[in-house]
């Protein structure tokens with residue numbers, strides 16, 4: 001709390017206080033309000049959090065601009081004469097800002113319509129051993145909020161590297177990179193995870209010379225290995241310099257660019273992007289007695305912390321840092337609290353991380369759900385998009401990998417699906433249903449997929465597993 005803050009000016013009581021207005025926080029607030037609770041949502045910045053303002057939405061808008069540029073370059077392949085005359089960085093920023101503003105306005109409208117009380121300021125959790133409270137500071141004013149339950153949903157921040165000092169001009173994190181007024185002519189990206197790969201794909205598509213440095217022995221180390229290797233090959237074919245197993249040693253920035261020392265080499269570029277993951281904002285809650293594991297808030301499977309009445313959701317909780325996981329956590333924890341308060345008869349089902357879809361929005365896209373290829377007790381069927389009519393029309397390549405159990409020598413329940421190719425992020429929704437229900441290949445084979453669509457690839461893969469392949473050889 002600020003040392004200049006005045007004495008607490010008022011005290012308000014609610015059923016639920018949510019600390020943080022990002023994906024997990026505002027979802028919890030909206031669902032709790034639907035369930036009849038009086039809710040306070042505490043946010044120091046803007047409702048919508050990192051995803052809406054500095055992450056998912058602006059990054060995907062940047063990627064869409066890059067895809068349009070690539071389409072123009074490739075137009076002649078499809079009989080269309082077109083010339084890419086330039087990239088307008090300011091116009092791209094304006095378009096992204098418009099999208100963000102529209103979505104932000106929509107979320108704020110939902111918050112108002114459901115009568116959630118938004119409290120602007122920085123919240124500090126307190127706990128007397130039995131009951132939680134939150135002290136909110138804004139300027140020199142403080143306000144104490146009391147409730148039987150508090151949800152911690154303050155998200156995460158960019159992880160920094162020793163020797164990499166951000167300066168907002170040459171050495172950047174992802175938020176600062178999105179604010180650049182122009183596309184850099186060249187960039188070194190430190191980190192080959194999802195964030196690094198998406199920026200590499202976008203900047204390369206917009207004409208930049210890009211180098212990616214990854215300390216692990218492969219790109220996208222948290223993804224299914226065969227799929228990640230396919231993406232690596234495709235990105236290299238687009239001219240991106242990818243260096244895996246490469247240790248970062250330091251950055252020297254000047255008014256004209258950067259020099260990055262890595263793996264015994266010195267690489268020069270206009271900018272360097274530090275994209276080595278994100279750190280949960282859990283440390284401030286330790287003072288109130290919340291148990292932490294590093295920076296993660298420790299919870300049980302029902303997202304309850306060690307303090308009575310205090311829950312955590314989203315990127316604070318160990319697991320994949322995904323906005324849609326945050327949405328699911330927010331809904332779940334609101335229903336869990338409602339159930340404990342007697343407002344909901346049935347206890348909600350916990351969010352299962354293994355069944356969450358994951359998407360890397362590079363070109364080609366990579367999307368996954370469920371277990372990886374090579375998991376003991378499973379086999380993997382590979383379907384190549386070369387046999388898919390829609391992929392041929394688009395001039396795209398890709399693969400679908402279906403991981404299934406084996407029962408009496410025959411394909412059993414589907415427990416993982418990995419897709420590389422066009423619109424993989426949209427196709428993964430059907431894959432999630434298949435994996436979540438642990439469907440048998442015969443169950444999916446009976447579903448008729450529209451032709452010609454990319455979704456036919458899932459249908460064809462399961463037809464083959466069911467013993468009746470159509471557009472594939474036995």
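Cβ from N, Cα, C; glycine included.
According to TrEMBL, the features are:
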{"type": "DOMAIN", "residues": "14-330", "note": "domain 'FAD/NAD(P)-binding'"}
{"type": "DISULFID", "residues": "51-56", "note": "disulfide bond"}
{"type": "BINDING", "residues": "60, 123, 315", "note": "FAD binding site"}
{"type": "BINDING", "residues": "191, 192, 193, 194, 195, 196, 197, 198, 214, 277", "note": "NAD(+) binding site"}
{"type": "DOMAIN", "residues": "357-461", "note": "domain 'Pyridine nucleotide-disulphide oxidoreductase dimerisation'"}
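Everything TrEMBL records as a feature, shown here on the structure.
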| residue | record | DSSP (3 states) |
| --- | --- | --- |
| 51 | disulfide bond | helix |
| 56 | disulfide bond | helix |
| 123 | FAD binding site | strand |
| 191 | NAD(+) binding site | coil |
| 197 | NAD(+) binding site | helix |
| 214 | NAD(+) binding site | strand |
| 315 | FAD binding site | helix |
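Listed in sequence order, 22, 24, 155, 156, 278, 280, 281, 321, 326 are the same-chain residues at least 6 apart in sequence whose CB falls under 8 Å from the CB of residue 315 (FAD binding site). Taking the C-alpha atom of residue 51 (disulfide bond) as reference, the shortest distance to any of the binding-site residues 60, 123, 191, 197, 214 belongs to 60.
With helix defined as DSSP H, G or I and strand as E or B, the domain 'Pyridine nucleotide-disulphide oxidoreductase dimerisation' (357-461) counts 33 helix, 37 strand, 35 coil. Cβ neighbour count for residue 60 (FAD binding site) (all protein chains, 10 Å cutoff from its Cβ): 17.
Around the Cβ of residue 214 (NAD(+) binding site), the same chain contributes 191, 192, 193, 196, 221, 242, 243, 244, 245, 246, each under 8 angstroms and 6 or more positions distant in sequence. Taking only the Cα positions, the spacing between residue 60 (FAD binding site) and residue 195 (NAD(+) binding site) is 11 angstrom. Residue 56 (disulfide bond) sits 10 Å from residue 195 (NAD(+) binding site), taking the C-alpha atoms as the reference points.
Listed in chain order, the residues near the NAD(+) site other than 191, 192, 193, 194, 195, 196, 197, 198, 214, 277 are 189, 199, 212, 220, 275, 276, each with its Cβ within 8 Å of the site Cβ centroid. By a simple count of nearby Cβ atoms, those within 10 Å, the most crowded of the recorded positions 51, 56, 195, 197 is 197. Counting only same-chain residues six or more apart in sequence, the Cβ atoms lying under 8 angstroms from the Cβ of residue 123 (FAD binding site) belong to 17, 19, 42, 44, 134, 135, 136, 145. Most other Cβ atoms within 10 A: among the binding-site residues 191, 193, that distinction falls to 191.
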